[in-house]
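**Student:** If you look up TrEMBL, you'll see 266-359 marked as domain 'Transglutaminase-like'. TrEMBL lists Cys274, His333, Asp356 with the feature active site. Among the features that TrEMBL reports, Ca(2+) binding site is placed at Asn396, Asp398, Glu445, Glu450.
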Amino acid sequence: MAGIRVTKVDWQRLRNGAAHHTQEYPCPELVVRRGQSFSLTLELSRDLDCEETPIFTVETGPRASEALHTKAVFQTSELDGGEGWTAAKEAQMENTLTVSLTSPPNAVIGRYLLSIRLSSHRKHSNRRLGEFILLFNPWCAEDDVFLASEEERQEYVLNDSGIIFRGVEKHIRAQGWNYGQFEEDILNICLSILDRSPGHQDNPATDVSCRHDPIYVTRVISAMVNSNNDKGVVQGQWQGRYGGGTSPLHWRGSVAILQKWFKGRHKPVKYGQCWVFAGVMCTVLRCLGIATRVVSNFNSAHDTDQNLSVDKYVDFFGRTLEDLTEDSMWNFHVWNESWFARQDLGPSYNGWQVLDATPQEESEGVFRCGPASVTAIREGDIHLAHDGPFVFAEVNADYITWLWHEDESRERVYSDTKKIGRCISTKAVGSDSRVDITGLYKYPEGSRKERQVYSKAVKRLFSVEASGRRTQIRRAGGRCLWRDDLLEPATKPSITGKFKVLEPPILGHDLRLTLCLANLTSRARWVRVNLSGATILYTRKPVAEILHESHTVRLGPKEEKRIPIAISYSKYKEDLTEDKKILLAAMCLVTKGEKLLVEKDITLEDFITIKVLGPAVVGVAVTVEVTVVNPILERVKDCALMVEGSGLLQGQLSIDVPTLEPQERTSVQFDITPSKSGPRQLQVDLVSPHFPDIKGFVIIRVATAK
């Protein structure tokens with residue numbers, strides 16, 4: 001009988017794509033998920049003889065081997081199941097054979113080569129059928145990344161746009177982000193990120209064999225999204241100077257960043273800050289099949305020496321002394337959570353895991369962070385892998401202010417020590433609203449359980465016995481801090497103070513506030529009030545001073561007084577950063593040496609509205625109207641709208657805006673033609689050389705053409 005050959009392969013893309021939730025990937029290869037069967041039909045040169053059994057080989061990575069689980073050889077069987085790869089005949093008609101292949105739920109993910117041998121005789125060589133890509137499978141109960149809720153799978157795996165929350169605790173703002181995991185080349189780029197990692201460069205076969213494990217894969221991606229130790233994707237910049245690159249606030253999504261990195265032969269893309277790193281990592285992990293979300297922590301601690309204390313040194317005007325202050329409290333910090341089992345820790349720690357690609361501190365010699373179990377953080381189990389102490393401090397550290405004297409002595413100043421880790425936020429499932437998930441990270445502030453967890457974490461961190469033995473911490477600069485020194489509260493002063501904004505703080509307008517002081521006692525008090533203000537980055541790093549004045553106030557018994565504060569636009573316009581943030585401080589020096597520091601973070605507001613003028617249908621042009629306002633008291637030209645949205649337009653669109661008179665309102669119309677149905681996010685930014693970008697977005701629900 002003549003030899004038998006495969007003459008054609010039908011990968012059944014539509015059927016497999018729908019079954020595996022991979023139909024949105026535009027790859028030339030079939031994309032499927034592990035632990036789930038997929039079908040293909042083979043056309044043969046003749047009928048298959050009853051004694052001829054198809055033998056399949058799958059292999060991934062260099063030097064693939066069965067010992068490393070990067071290669072498997074298996075044949076069709078009537079029996080279901082088995083721990084490894086399996087094949088089963090679905091149908092056989094004349095010279096066609098339809099087979100179902102199933103990978104194990106812990107298979108290595110990545111690009112595979114599939115081959116077949118249509119004879120039991122080993123002299124017959126394998127015939128290459130082609131390549132396919134295997135991803136993690138949150139729909140498979142046996143996969144470590146399994147997520148039970150279909151609504152959450154739709155949101156955290158398949159949604160290609162999202163919202164990142166920025167701003168300050170009292171004024172949280174939503175920013176749209178285009179994850180774009182189903183855009184052209186993105187899956188290929190995400191796989192190449194794994195291949196560019198130092199671990200792969202050093203030992204590619206071993207590295208690939210570890211890609212069955214979401215703990216391993218997410219830790220690699222956490223390191224590779226930043227460029228600090230490798231040819232990673234994004235280069236960070238926090239100095240407010242972005243020459244030779246793109247300002248972090250100009251990015252509207254991950255697609256342009258990933259494509260620029262790939263086309264630029266893996267040269268790091270300039271520049272990113274925390275929300276950019278988190279947005280890119282969310283794209284990569286969703287693309288690979290791991291349920292992932294972006295999380296914002298307001299008043300986020302960066303505890304450089306891991307003593308669970310952010311120690312801020314100030315002068316007599318409340319201004320931060322940067323050469324002494326090594327720790328910091330950022331207005332907000334953005335990281336990721338991914339959902340998977342922790343086989344290394346036990347089932348108690350399954351679920352959401354913190355991952356942070358922002359290069360803040362090294363973990364095992366590499367700038368990366370996580371995965372750290374959110375449950376472990378809430379319970380104070382900070383000794384568990386990975387990077388628990390750093391994440392715990394981000395949401396739990398005490399905020400301690402020290403007044404630095406000229407003789408290099410220091411003095412504790414009364415301030416709010418419990419302001420760290422507020423309003424931890426993420427986008428709601430299926431809507432644009434904000435969900436506060438602070439309760440997943442810590443028990444209610446001040447509760448008995450919260451104090452127990454904090455004490456437990458301190459003991460684990462410092463190996464302190466219950467007797468409270470003093471533990472010395474050597475800080476850079478030669479100063480020593482003692483743990484019990486850190487825990488002793490400052491003396492509570494006899495007055496209170498609070499800044500109040502009299503009018504909404506709007507970009508381009510003067511700021512009007514008051515400092516409200518109240519005497520809590522029945523005796524008069526003299527107060528020396530030293531006021532300072534500065535434009536700042538979102539890390540609270542000061543850029544330029546815009547306020548510096550002093551007042552002496554007499555407060556009668558139980559009396560309240562208000563000190564008016566005015567900052568003109570001309571005072572702050574030259575030094576305002578793209579973060580649009582200002583920090584005010586009042587150092588209040590009270591009779592008998594009492595000291596109170598009052599602080600206020602302000603984010604300036606702006607205006608943009610986006611309207612869709614008609615129903616949105618796939619393949620049909622629809623008009624969008626954008627209304628903007630010139631926020632400043634000057635005539636401006638050279639403004640443009642930058643428009644982006646996956647499934648709504650190809651790439652980015654730039655639209656010129658006519659010259660705007662001072663505070664003039666204008667509307668601009670343009671057409672888009674949606675290419676994909678469902679909820680789609682359209683981002684529109686007003687870009688000008690005269691003021692920081694004004695960002696907006698709208699969700700457009702696109703119907704399928706009838």
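Positions of Cβ are set from backbone N, Cα and C atoms, glycine also.
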**Student:** Using C-alpha positions only, work out which of the active-site residues Cys274, His333, Asp356 is nearest to Asn396 (Ca(2+) binding site).
**Tutor:** His333
**Student:** Please name which of the active-site residues listed here, Cys274, His333, Asp356, is nearest in space to Glu445 (Ca(2+) binding site), Cα against Cα.
**Tutor:** His333
**Student:** For the binding-site residues Asn396, Glu445, Glu450, which one has its C-beta crowded by the most other C-beta atoms within 10 angstroms?
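**Tutor:** Result for the most crowded candidate: Asn396.
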**Student:** Counting every protein chain present, what is the number of Cβ atoms, excluding its own, within 10 Å of the Cβ of Asp398 (Ca(2+) binding site)?
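**Tutor:** Taking all protein chains shown, Asp398 (Ca(2+) binding site) has 20 Cβ neighbours within 10 Å.
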**Student:** Just to be sure I understand: of Cys274, Asp398, Glu450, which recorded positions have a C-alpha no more than 10 angstroms from the C-alpha of His333 (active site)?
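**Tutor:** Cys274, listed in sequence order.
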**Student:** Cβ distance under 8 Å to Asp356 (active site), same chain, sequence separation 6 or more: which residues?
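**Tutor:** Ser222, Phe277, Ala278, Trp335, Asn336, Arg368, Cys369, Gly370, Val391 - these are the non-local Cβ neighbours of Asp356 (active site), listed in sequence order.
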**Student:** Provide, as an integer number of angstrom, the distance between the C-alpha atoms of Glu450 (Ca(2+) binding site) and Cys274 (active site).
**Tutor:** 28
**Student:** To test your reading of the Ca(2+) site: which residues beyond Asn396, Asp398, Glu445, Glu450, same chain only, put their Cβ within 8 Å of the Cβ centroid of those residues?
**Tutor:** Lys418, Ile420, Gly421, Lys442, Gly446, Arg451, Tyr454
**Student:** Give me the DSSP three-state residue breakdown of the domain 'Transglutaminase-like' (266-359), ordered helix, strand, coil.
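**Tutor:** Within the domain 'Transglutaminase-like' (266-359) the tally stands at 18 helix, 40 strand, 36 coil.
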**Student:** For Cys274 (active site), what residues in its own chain, 6 or more apart in sequence, show a Cβ-Cβ distance under 8 Å?
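**Tutor:** In sequence order, Trp330, Phe332, His333, Val334, Trp335, Thr358 meet the Cβ cut-off.
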**Student:** What's the number of neighbouring CB atoms sitting within 10 A of the CB on His333 (active site)?
**Tutor:** 25
